[in-house]
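**Student:** Dumping the structure here so I can ask a few things about it.
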Amino acid sequence: MAVGGAGSSRSVAPCCCCAVLLAAALLFSAPATTEAYDALDPNGNITIKWDVMSWTPDGYVAVVTMFNYQQFRHIQAPGWQLGWTWAKKEVIWSMVGAQTTEQGDCSKFKGGTPHCCKKDPTVVDLLPGTPYNMQIANCCKAGVINTFNQDPSNAASSFQISVGLAGTTNKTVKLPKNFTLKAPGPGYTCGRAMIVRPTKFFTGDGRRATQALMTWNVTCTYSQFLAQKTPSCCVSLSSFYNDTIVNCPTCSCGCQNNGTSPGSCVNENSPYLQSAIDGPGKWTGQPLVQCTSHMCPIRIHWHVKLNYKEYWRVKITITNFNYRMNYTQWNLVAQHPNFNNITQLFSFNYKPLTPYGSKINDTAMFWGVKFYNDLLMQAGPLGNAQSELLLRKDSKDFTFDKGWAFPHRVYFNGDNCVMPPPDAYPWLPNASPLTKQPLTLSVLVFSIVLATLLAYA
């Protein structure tokens with residue numbers, strides 16, 4: 001037995017080594033984190049376009065434009081921060097429509113002082129109300145960029161930059177590298193700058209086109225995994241066929257007794273509510289949410305409201321629990337297998353998303369109607385938005401059983417919301433054939449016994 005045990009240990013050792021080597025190979029051959037990916041928006045990205053418009057004695061003047069090609073993810077306040085590393089010893093002489101966060105060490109310049117001398121500058125947008133002589137088209141929105149789906153007129157942000165100590169021809173210019181984008185926090189990964197065909201610009205009447213002297217693009221993609229954000233929304237559920245209201249999971253976005261952030265919530269009926277809202281955090285943008293079991297700034301409630309012969313109705317309510325923030329141009333994305341049969345929608349805009357191809361239409365984007373409910377007010381009596389959906393039943397798939405009527409996934413403003421566990425969903429009342437069988441059998445037995453007794457009576 002001892003010999004057999006030793007032999008088995010010797011035979012296992014090579015297998016273990018092989019397993020370790022295989023695991024290491026898989027680890028090092030895995031895709032790099034630069035391949036950011038969002039399952040509901042696989043082709044979404046932020047494209048940064050540099051158009052060199054003119055050459056200067058020691059460099060060039062370029063217009064930099066950021067396009068938000070994401071389906072549903074805005075760049076929200078406090079806005080984007082764009083960074084890069086210069087390839088040589090370039091400096092920024094001046095900027096229009098944006099500014100760097102630091103000037104850096106410009107002590108070697110005896111004459112005019114550059115706007116920024118840092119090797120790795122960080123650029124931010126200017127605020128609304130900036131003087132006209134410091135503006136350029138599509139600038140000065142505090143770094144906020146909406147999506148093309150929802151607001152195409154505000155889906156880009158631009159600034160002009162004058163670069164010195166740089167190349168002065170297409171062949172001598174060295175492209176910046178190591179691009180970073182915070183919008184406003186982490187989550188975006190940017191690729192290398194790639195030279196593309198020069199951008200063309202058309203006159204107002206469309207009869208003449210000019211073009212940039214040189215153009216390069218940088219593509220940045222988003223990943224929830226890289227962002228590692230604390231959840232900011234949660235989902236609760238209810239239905240007409242079950243009295244159970246499934247609340248957001250406890251501590252979905254935090255816990256009330258979290259000692260690391262004291263004073264981060266206030267009770268709805270607290271006499272100190274207004275003083276808490278006007279406290280020091282008001283000017284820093286620090287959230288102040290209503291004290292709840294879930295502690296989320298946003299709750300989405302999905303209520304299965306009515307059942308008709310050929311249709312069924314759902315009510316969606318979005319509630320803001322943040323006393324210090326309202327949400328402009330908010331949007332909601334949800335997944336449900338019956339979204340391909342949406343018949344009517346009340347008080348929300350709607351667009352189907354097809355992340356898996358045109359044959360699968362189970363993802364929908366909703367947003368508010370302009371001047372009606374596109375602004376989700378801060379917590380309080382007006383801090384909610386509601387809509388109802390009328391959906392046609394699909395005879396092949398439709399059922400109220402096993403939580404089918406509830407969404408698989410919900411996003412608010414691009415953030416994945418915390419869902420209740422599936423076993424907590426409101427289910428149909430227990431009426432399966434198995435539960436009726438004992439009652440039916442007992443009645444049958446009683447009938448047979450009664451018939452037998454009557455026969456011998």
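Cβ from N, Cα, C; glycine included.
Quantities reported herein were computed from a predicted structural model and do not represent experimental measurements.
Per Swiss-Prot, the feature N-linked glycosylation site maps to ASN45, ASN170, ASN178, ASN217, ASN242, ASN258, ASN326, ASN341, ASN361. For ASN430, the entry in Swiss-Prot reads GPI-anchor amidated asparagine. As annotated by Swiss-Prot, signal peptide applies to 1-35. Taken from Swiss-Prot, the feature transmembrane segment applies to 437-457, supported by sequence analysis.
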**Student:** Taking the Cβ of each of the glycosylation sites and counting other Cβ atoms inside 10 Å, which one has the highest number: ASN45, ASN178, ASN217, ASN242, ASN341?
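**Tutor:** It comes out as ASN45.
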**Student:** What residues, ordered by sequence, lie under 8 A Cβ-to-Cβ from ASN170 (N-linked glycosylation site) and sit at least six positions away in the same chain?
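**Tutor:** Listed in sequence order: LEU213, MET214.
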**Student:** Between ASN326, ASN361, which of the glycosylation sites has the fewest other CB atoms within 10 angstroms in the structure shown?
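**Tutor:** Taking ASN326, ASN361 as the glycosylation sites, the minimal 10 Å Cβ count falls on ASN326.
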**Student:** Do you know offhand how many angstrom separate ASN341 (N-linked glycosylation site) and ASN242 (N-linked glycosylation site) by C-alpha?
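**Tutor:** ASN341 (N-linked glycosylation site) to ASN242 (N-linked glycosylation site), Cα-Cα distance: 24 Å.
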**Student:** Between ASN326 (N-linked glycosylation site) and ASN217 (N-linked glycosylation site), what C-alpha distance do you get in Å?
**Tutor:** 34
**Student:** Cα within 10 Å of ASN45 (N-linked glycosylation site) is the criterion; apply it to the glycosylation sites ASN178, ASN217, ASN242, ASN361 and give the hits in sequence order.
**Tutor:** none
**Student:** At the Cα level, what's the spacing in Å between ASN242 (N-linked glycosylation site) and ASN361 (N-linked glycosylation site), rounded?
**Tutor:** 28
**Student:** Rounded to the nearest angstrom, how far is the Cα of ASN217 (N-linked glycosylation site) from the Cα of ASN361 (N-linked glycosylation site)?
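**Tutor:** Cα-Cα distance, ASN361 (N-linked glycosylation site) to ASN217 (N-linked glycosylation site): 32 Å.
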**Student:** Rounded to a whole number, how many Å is the Cα of ASN217 (N-linked glycosylation site) away from the Cα of ASN178 (N-linked glycosylation site)?
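**Tutor:** Cα of ASN217 (N-linked glycosylation site) to Cα of ASN178 (N-linked glycosylation site) measures 13 Å after rounding.
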